[in-house]
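Taken straight from TrEMBL:
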- 12-30: transmembrane segment (TRANSMEM)
- 119-135: transmembrane segment (TRANSMEM)
- 142-161: transmembrane segment (TRANSMEM)
- 167-186: transmembrane segment (TRANSMEM)
- 193-218: transmembrane segment (TRANSMEM)
- 238-263: transmembrane segment (TRANSMEM)
- 284-309: transmembrane segment (TRANSMEM)
- 333-357: transmembrane segment (TRANSMEM)
Amino acid sequence: MKSHVFQMKYFLAGIYIICVIFTCFNARFYHTPLAKISSVTEKETMSRKGTRDVEEYYYTQKITARILNGTHKGEEISISNEYTSSQVQNQKYHKGDTVLLSGSRENPGKSIRSIKRDGYLALLAGGLFFLLICITGKQGFYTIISLILNTIIFAFGFQAFMKGENILNICNVIAFLFSITTLICLNGIHRKTWASVISTICVLFLIMALFEFSIQFFGDLDYSNLEYLGSMSNSADIFWTDIMLTGLGAIMDVAVTISAATGEIVRKNPDVSLRKLIHSGREIGYDIMGTMINVLLFVLASGMIPMFILKMNNEIRFITIIRYHIPYDICRFLIESIGIVLAIPVSVFISSIIMKLPSLKRSDKK
């Protein structure tokens, strides 16, 4: 048995290595022209003071690259690239980089679009999948399946939105499908799965009702970046979907943890009373509540760091950013944190009832 497991791990490691190597040498399959940089020379052209009197240096690179695909494969081209020391709006390139050119396979052009990154993505994604299967075995395989299915659902949701469907209706459907797909893939068709699904949907309904209440009675939030939404008929829908999908993961995590724990308690001790089961589930929920809320805080803070730095670097005061630029993010964090807190009693009650239902029916028959 152990030798079979080791053989499977070696097989997966081989597939992983082959996939990474393939992405490094797959230029022939690209419709976009690719080139590998063979030499780079650069010089400083000028300097200029930016905001806060910070000196910004401007550089020009003379790049020689060899074309990797298309009708001009093997030919060398010269490319000029300009970048600044901050590299906020442009990029510095190095010898050995594989880059995407701006033209076509027949006429590759002489400007760079971006770096070819699929090799790095294959390395990271393949590493994740390999570790999931090697460390957690069958459960890791089911996790990968759920990730793939959720990605497909997400893609179909975007396609429906591009065809003119209402974004809120799409989000309602895909949130339900995300819950069903993830929980069935990870837990199978079991009572604890249905307990988790029902708990997740109930808590999601509660936090969306809370969001609607806050909008109706306290006025619309001062959403930033609305100028990028174009001609959407109801721009508030996009924030509804954001609240729903962001809170889904954390709420589902709490619901799954409590459902799995109550299911295990009932399995080990079928005669446990409903009251003791609810008490045990509640204590488990209290243990994970603080961690989950802090995870939400860290996710919010990490996403806001670039915006804070850019705006403060342009002499926008910290208090101004807090008052006028992030009220929606703060509201989202608070509503989702409330959702985590509400998920504990809701999940405990629903899971305890569903798990104890067979024994309660047997007691009634007696």
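Heads up, the Cβ atoms here are built off N, Cα and C, so glycines get one too.
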Chain residues in Cβ proximity to the transmembrane segment (193-218) (below 8 Å; excluding those fewer than six residues from its ends, i.e. six or more beyond): 175-176, 179-180, 183-184, 187, 236, 240, 243-244, 247-248, 251-252, 255-256, 258-259, 262-263, 331, 335-336, 338-339, 342-343, 346-347, 350-351, 354-355
Chain residues outside the transmembrane segment (12-30) and at least six past its termini with a C-beta under 8 angstroms from it: 68-69, 98, 100, 118-119, 121-123, 126-127, 129-130, 133-134
Leading contact stretch, 119-135, 167-186, 238-263, 333-357 vs the transmembrane segment (142-161) - CB distance under 8 Å: 167-186
Sequence-remote partners of the transmembrane segment (167-186) [C-beta within less than 8 Å, at least six residues beyond its ends]: 139, 142-143, 145-146, 149-150, 153-154, 156-157, 160-161, 193, 196-197, 200-201, 204, 234, 237-238, 240-241, 244-245, 248, 252, 256
